[in-house]
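*Asks:* One structure, as structure tokens, below. Some questions next.
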Amino acid sequence: MHKFLPLLLVSLMGFAQADEALVARKDVQAYIKATAAAYQFSEEELVQTLSRATPKSNVLDVLDRPSTARPWYTFRVNFVNPARSLAGAKFWREHAIAIKEISERYEVEPEVIVAILGAETNYGKNTGSFHILDVLTTIAFDYPRRAEFFQKELTEFLLLAREENEDPLSFKGSYAGAMGWPQFMPSSFRQYAVDYDQNGHRDIWNHPNDAIASVAHYLKEHGWQQGKTAYTAVNINADLSEVFADKFNLHYSVGDLMQKGVVPITELDTAEKAVLFSLETEPGFTRHFLGFNNFYVITRYNKSTLYATAVLQLSESILKSYQEGDDLRPAKPTSKPAKKKW
């Protein structure tokens, strides 16, 4: 991100060409008054800033599309494949000094940090091209189902821009407002983004070390336990539909789940908290797993058991490639994804 003039001055420069329809709405005026009073903005400043937002109806179209859950065997190939593993090993080697220091500081395995950056944006290659001000404003005021959440994120974004002393229109990201290499929402940025380079900006768009440290900080603050097993395969001998439905909360211990019909394949600590989830590892064939604390932590980053499993398997593949020096060898023709089924 480039340096910009202070927020208010830049807003004034764009106001002459602004579309005032949005800020004329009563709901937007109420938001402006409440936000100005709560966070020491001037109402004029907020009017001028929001007037610069361009509605993005295509974002609403994307949000309205029915979600189609993909089975694990198709989801996996997009994330856990030789190309992404090699790119992760190369990224790790290029930033080895910073990654080592950050991993030690936050007590998070380096391969997990790298894997999240690989899963989110392919190591910074796909960070999004939407203006964050545009998409947050559009969803906050034109998508009632998520209005409350996105109005809060819009406020977090305006605070973020003020804290970073940047023009709100300079920030780009995904169609839902996620930003930078780690794809942080504004609230996560304000809470967990790190200025590792100590240049006065938490630049998770252009400074890889800031992005690396920010991911590690996020995981640490959500309870990551270094060296702990994240998940393991199990069998079940009962109908556990109710337990499967609670797969994003650590409500049960391993002992509780064993009493309900979970059958461990290896010896487990019965006091350890776990979630039960399943993966369709090939058409018509499902395997069951227990996810422990670190698995749960990754689902705080992205609320998906598919995502968490992909990150963990990608991290294993990156570690192997890094240790074996695969990224140092001449490039090979594109090959098919690894055949591991789970």
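Glycine too: its Cβ is placed from the backbone N, Cα and C atoms.
Keep in mind that TrEMBL annotations are predicted by a computer and have not been checked by a curator.
As the structure is a computational prediction, the values presented were derived from the model and not from experiment.
Under the heading signal peptide, TrEMBL lists 1-18. Residues or ranges marked as domain 'Transglycosylase SLT' by TrEMBL: 26-316. Residues or ranges marked as active site in TrEMBL: E120.
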*Asks:* Validating a neighbour-count step here. Other CB atoms within 10 A of the CB of E120 (active site): how many?
*Replies:* 24
*Asks:* Name the secondary structure element type, per DSSP in three states, that contains E120 (active site).
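*Replies:* The residue in question, E120 (active site), is helix (DSSP, three-state).
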*Asks:* As a test of reading the model: what is the averaged pLDDT for the domain 'Transglycosylase SLT' (26-316)?
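*Replies:* PLDDT averaged over the stretch: 97.
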